[in-house]
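Look at Swiss-Prot and you will find 242-255 tagged as compositional bias 'Basic and acidic residues'. Summarising the annotation, Swiss-Prot assigns SUMO2 cross-link to K34, K249. The N6-acetyllysine annotation in Swiss-Prot covers K34, K56, K249 and is backed by similarity to another entry. What Swiss-Prot lists as ADP-ribosyltyrosine is Y155. According to Swiss-Prot, the phosphoserine annotation covers S236, S237, S263. Look at Swiss-Prot and you will find Y256 tagged as phosphotyrosine.
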Amino acid sequence: MAVGKNKRLTKGGKKGAKKKVVDPFSKKDWYDVKAPAMFNIRNIGKTLVTRTQGTKIASDGLKGRVFEVSLADFQNDEVAFRKFKLITEDVQGKNCLTNFHGMDLTRDKMCSMVKKWQTMIEAHVDVKTTDGYLLRLFCVGFTKKHNNQIRKTSYAQHQQVCQIRKKMMEIMTREVQTNDLKEVVNKLIPDSIGKDIEKACQSIYPLHDVFVRKVKMLKIPKFELGKLMELHGEGSSSGKATGDETGAKVERADGYEPPVQESV
C-alpha cells in the first residue's frame, strides 16, 4: 500500500471549513464633508473611513483627502462648468473641515470654446497670497471679430498676442498678490479676474471666453487650526476634541506584569 495521506478521510476536516465572511463596512464610519463659508451649500457629502483601532487613528486616514465638487452643487445652480478641489485639513467630531486646494474647468466647456478662425491665447503665473499660499494660475482667452467686420477670420498678430499675455499675467498677479486665499476664492467663484482681463484687453484686440481655466496649489503655509475655523465661520476658539481620538488600544501579552518600581 502506498504511504501518504488519505484525501477522502481529511476532506471533511477543519481545513475545508469555510471562513466566516465579515462585512468590511461594519468596521467603517461615515463622516460629513464640510466646505468653507465662501460657498452657499456647506454640507457637500459624506466619506467613509475605517474606525480607530489600536494605533491606527481614523482622523489620520481622513486628513489629506481631496474632494472634487462642481460649482453647481456649491451654489445650487444648474449651469456651472467650474470644478473646485477641497482638501481635508482637520476633523472635528464627525465633520471633515476642508480648505481650497485647486480649481479646473470641465472638459466639455474647454472643448466647446476651441474653434477655427480665431486665436487662442494662454498665460500662466505663480503668485503668493498675503497669507502664504503659493498658487499657479492658468488663463485662456480667444479673439473675436471687430464690430462691422466682414472678414471671416479674426487672427491676432504675434505682437498683439504677447501684449495680451503680458496683460493677463499682470492682472492675475495683482488680483492674487494683494488678497488672502479666502478673497481669491471669492473672486474665482464668479470669475471676476477673467472679466477684468477681457475689459483691459479690448484696446489691444477684442476678446471673448476669457477664463481662469485652472488653479493649482503649489505650497501651503504651516497648518493653523484658528485660521481654518475662521474659514468655516466658527471662530478661532475651538476646544472640541475629535470623537475618535479619545484613546488608543494597547496590545499586551497574556502573562504581562508591570515592572516593580524601586521607589514610589
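Each residue, glycine too, has its Cβ placed from N, Cα and C.
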Determine, to the nearest whole angstrom, how far the Cα atom of Y155 (ADP-ribosyltyrosine) is from the Cα atom of K56 (N6-acetyllysine).
59
Name, in the order they occur in the sequence, the residues of the same chain whose CB lies under 8 A from the CB of K34 (SUMO2 cross-link) and which sit 6 or more residues away.
R42, N43, I44, N95, C96, L97, T98, H232
Within 10 angstroms of the C-beta of K56 (N6-acetyllysine), what count of other C-beta atoms is obtained when all protein chains are considered?
12
Counting across all protein chains present, how many other Cβ atoms fall within 10 Å of the Cβ of Y155 (ADP-ribosyltyrosine)?
12
Check Y155 (ADP-ribosyltyrosine) against DSSP and tell me helix, strand or coil, would you?
coil
Per DSSP, to which secondary structure element type does K34 (SUMO2 cross-link) belong, with helix, strand and coil as the options?
strand
